[in-house]
Structure formats: structure tokens, C-alpha cells
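A short write-up of the structure that comes next.
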Amino acid sequence: MAEPAPHGGDGEEAAAPPQRKKRRVAGGERHVPPPRRLRSGVSFGTEHFAETSCYVEGGLRKVRPYYFDFRTYCKGRWVGRTLAHVLGAEFRARPLAAFRAAARAGRLLLNEEPVRDLDTVLKNNDLLRNTVHRHEPPVTAQPIQILVENDEVVVVDKPSSLPVHPCGRFRHNTVIFILGKEHNLKELHTIHRLDRMTSGVLMFAKTAEVSKRIDEQVRQRQLEKEYVCRVVGEFPENEVVCEEPILVVSYKVGVCRVDPKGKTCKTIFQRLSYNGETSVVRCLPYTGRTHQIRVHLQYLGYPIVNDPIYNMKAWGPERGKGGKIDKTDDELLEALVEEHRSKQSLDVLGISEEDWDPSADNRVCGNSGDCRESVDPVNGNFCPAEDTKDPERGKTPVGLQSCDTNLGTLESNKETSSREGLDGLVGEEDAEEKDPLCLECQITRQDPSPRELVMYLHALRYKGAGFEYCSKMPPWAMEDWRE
């Protein structure tokens with residue numbers, strides 16, 4: 001974009017900016033425009049909130065499918081390869097026939113021009129944009145409770161199953177979007193994060209200055225954090241300190257374990273009550289590693305009762321107690337995914353069937369519930385180097401066998417999907433037409449029960465210099481509570 005013309009002196013008119021010379025392109029060579037600065041940071045406004053609407057059904061908050069544009073510049077490893085080769089090799093969650101159909105429907109753009117030929121060779125600075133029909137997993141319909149709102153901060157009691165900000169398959173079913181869309185609390189600065197399945201105190205700053213001030217306390221470990229959880233068995237009455245290092249096994253699935261090569265960390269545990277079967281434990285983390293409390297409790301042999309990762313059979317007969325796993329990392333990940341697949345509960349891991357490829361390196365390329373928003377523009381997921389495998393690869397899915405898509409119908413569907421607000425609908429889903437190019441529209445998924453979306457780990461209190469925020473004890477933490 002040309003710079004504004006400077007103001008002329010002595011009453012003279014400002015000189016016109018020099019015209020940018022058009023780059024001469026050799027005959028047959030494809031011109032690539034210079035890169036533009038994509039949106040920096042994460043700030044969402046009315047145009048984002050109006051992408052779709054939500055409704056409540058069976059105790060779940062559901063998002064109506066909507067159309068969404070993913071964009072990315074050509075990766076260095078893609079340069080010199082054809083678009084078809086890149087799509088086929090790196091974005092295997094969808095068959096190549098689906099991309100050809102998307103191109104014919106005008107949904108696949110290269111430098112904002114419709115892709116006519118998937119054999120186009122990619123160049124540096126090529127901008128790729130793909131319009132997808134996006135489906136989000138349901139979350140609990142339990143409302144977000146605002147604990148404190150003043151000129152500096154917003155503090156909420158986050159329900160379990162809600163990601164803090166857009167990541168993975170979640171966008172509108174996130175704390176950031178719900179606060180902006182339904183409470184008119186926008187442009188908030190994230191101070192800290194909670195795992196998707198963790199409930200409790202969550203703080204946001206209203207200004208960058210406040211965010212910086214509190215963030216400095218976090219870095220200096222001046223923030224006191226108190227959690228409460230319910231664990232399997234009779235936890236020791238005496239205070240327990242765990243300082244085992246923690247290593248991330250997979251950012252994509254969101255799995256960690258104790259390992260000498262991991263990062264140092266420390267958690268103090270104190271038993272609050274025991275009902276004969278399970279214990280309520282106070283947790284005081286002195287560091288903030290991913291899944292720190294959950295991993296340390298698993299290592300000690302007292303995993304959280306309903307932890308969908310660290311209290312699973314995949315870890316072995318002792319569920320990972322003492323770090324005994326007897327599996328390689330890849331075998332562990334495959335066993336965890338298979339266990340949830342058999343229960344039709346892959347959404348709990350923040351992945352879908354299409355996201356998982358046992359032959360790929362699933363330890364990298366984060367897609368966990370706590371990742372930042374980094375975009376895979378092709379498949380509608382957020383992993384920038386998705387490497388997944390479609391079990392029916394090579395076959396043309398139903399609905400793609402005829403690729404002469406009615407673009408008028410597609411645009412009609414797109415307009416229908418863009419409605420603002422929760423609409424006050426309870427148990428009432430619009431009978432919208434399905435997108436003929438959307439593979440997700442052809443799948444009927446079983447909804448989780450609201451009970452399956454709650455994990456017994458709650459952020460009870462956050463205290464720093466000049467502030468202290470607390471929430472109520474969750475019902476499952478009461479002394480006489482039973483499953």
C-alpha cells in the first residue's frame with residue numbers, strides 16, 4: 001500500500017506519490033504480488049461474531065455450521081511443488097477430489113484469484129485461501145459467570161469444556177467469543193490460560209498496561225494459584241510435594257508425562273476430605289507447566305477421577321503411576337486415541353477422526369486445546385502442517401462425485417449461516433441445507449453428555465499484588481459428594 005503523500009510547505013500542494021512500477025513478467029510466467037501483512041494479534045469484533053449463531057440443546061451449547069476463510073502464505077518447503085502435490089502430501093484429511101471440487105466451486109483461491117489448475121507450481125509469497133464449511137464440537141451449556149469487572153480486569157468462572165480462545169476446531173465455542181458476543185466484552189488481553197477441561201477463575205486484562213503488569217507477576221512467580229480436584233483413592237493426609245519434570249509428548253493431542261528430559265516444576269498437594277472412595281485435594285502449583293497438576297497426580301498414583309487423558313487404560317494397569325508406562329510415545333498416543341475412538345469421544349482430546357494419522361508424527365504440530373491460533377487454510381483445522389490420513393483415500397466421497405456445484409445454493413447457505421447472537425433458541429436447530437462439498441455434513445456424530453464434559457479440576461483462587469479473586473467450590477468438591 002502506498003504511503004500517504006507528505007504535506008507541501010509554503011501553501012504548495014503535496015507532491016503526488018510516485019507510481020509503483022509494474023513488474024514485468026516473462027511470457028507465460030505467473031506473477032506473484034508482494035506479501036501483505038496479515039492480521040497481527042488476535043482481536044475479534046462484530047464481523048467475526050456474526051459468522052454464525054448458537055443454540056442450546058440437551059444441556060449442550062452448539063454452533064451452527066458456518067463458512068470460514070483460512071489463509072496462509074506459501075511455506076518454504078512448498079516452493080517449486082504443484083498445488084496438487086502439496087494438497088495430496090500434506091493435507092491428507094481430505095481426498096484430492098474434494099480440493100478439485102472446491103476449486104471448481106470457486107472456494108480455493110491463489111493470490112485472490114480462483115484456482116483453475118491444481119498443477120500450478122507454487123512460488124514464494126503465494127497467498128492461499130480456502131473457504132470451508134466449519135463444524136465445531138459442542139460444549140457445556142453452563143453459562144460463564146462474571147466474578148469481577150472493573151476498569152482494569154474481567155474475571156470469570158470458566159465452565160469445563162470451553163477453550164479460552166480460538167484453537168483447534170473451536171472458535172465460537174470459546175470464552176473469548178462468548179464474552180465478546182454475549183457480554184459485549186471485547187479486545188480483552190489473556191493473562192493466563194486454563195486447560196479446556198479445567199473450570200474456575202480466569203482473568204483477562206482490559207488494557208495492555210494492566211496485562212503487562214500482571215504478566216510480570218506471573219513471570220516472577222509472584223502469583224499464588226490454588227486449585228481443587230477430586231482424585232481416585234485415599235490421598236495421604238500429610239502434605240505431598242511433587243517436583244518431577246514434565247515433558248510434552250504431543251502438542252497435537254495434548255499429552256504430557258513425567259520424564260527426566262522434561263521441564264522442572266513443583267506442585268504441593270494437601271488432602272481436604274475423603275469419602276471412602278475418592279479424595280478432594282488442594283493443589284498449589286509453583287510453576288505453570290502444561291497439565292502440571294494432572295500429570296503429577298497421575299505420577300503419584302492418584303489421578304483425577306474423570307481425567308480423559310491421565311486416568312485411561314492406555315497408560316497401562318497402573319495408569320502411569322510412578323512413570324511406568326511400558327509403551328513408546330507413539331504407542332501411547334495411538335492407544336489413547338483408540339480408547340476414545342471406541343467411546344466416540346475423540347472431541348474430548350480436541351481432535352477429530354480426520355485429524356489423526358497413526359503413520360504421521362503426531363507429537364508435533366500443535367492442535368491442543370491451549371494452542372494459539374495458527375491457521376491451516378486448507379482443511380479448516382489450525383495445525384499449519386497437518387499430516388493426517390483419510391481411511392477412504394483414493395475414493396471419491398458421496399457428494400463429490402458430481403462436482404458441478406450450484407454456487408447459488410452455496411451462497412444462499414452461506415448467508416443463512418451468518419446470524420448474530422444466541423437467538424434464545426433452546427433445543428431448536430434450523431433445518432439448514434447441508435453443504436454438498438462438506439465431508440463433515442455427511443457424518444452423524446453422537447453428542448457427548450453434559451456429564452462427560454466436566455473434569456474434576458477447578459481453579460479456585462488467584463492472588464497477586466493488590467488483588468485476590470476466588471470462585472465457589474464446585475458441587476463435586478463437597479465432602480459428602482458421591483458419584
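Cβ from N, Cα, C; glycine included.
Small disclaimer: the values here were computed from a predicted structure and weren't measured.
Here is what TrEMBL says about this protein:
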ACT_SITE  ASP195  active site
COMPBIAS  386-395  compositional bias 'Basic and acidic residues'
COMPBIAS  402-411  compositional bias 'Polar residues'
COMPBIAS  412-422  compositional bias 'Basic and acidic residues'
DOMAIN    153-298  domain 'Pseudouridine synthase RsuA/RluA-like'
REGION    1-43  region 'Disordered'
REGION    382-430  region 'Disordered'
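Mean pLDDT for the domain 'Pseudouridine synthase RsuA/RluA-like' (153-298) in this predicted model: 94. Residue density at the residue listed as 'active site': 22 other Cβ atoms are found within 10 A of its Cβ, drawing on all protein chains shown.
For the domain 'Pseudouridine synthase RsuA/RluA-like' (153-298), the DSSP-based tally of helix, strand and coil residues reads 27 helix, 55 strand, 64 coil.
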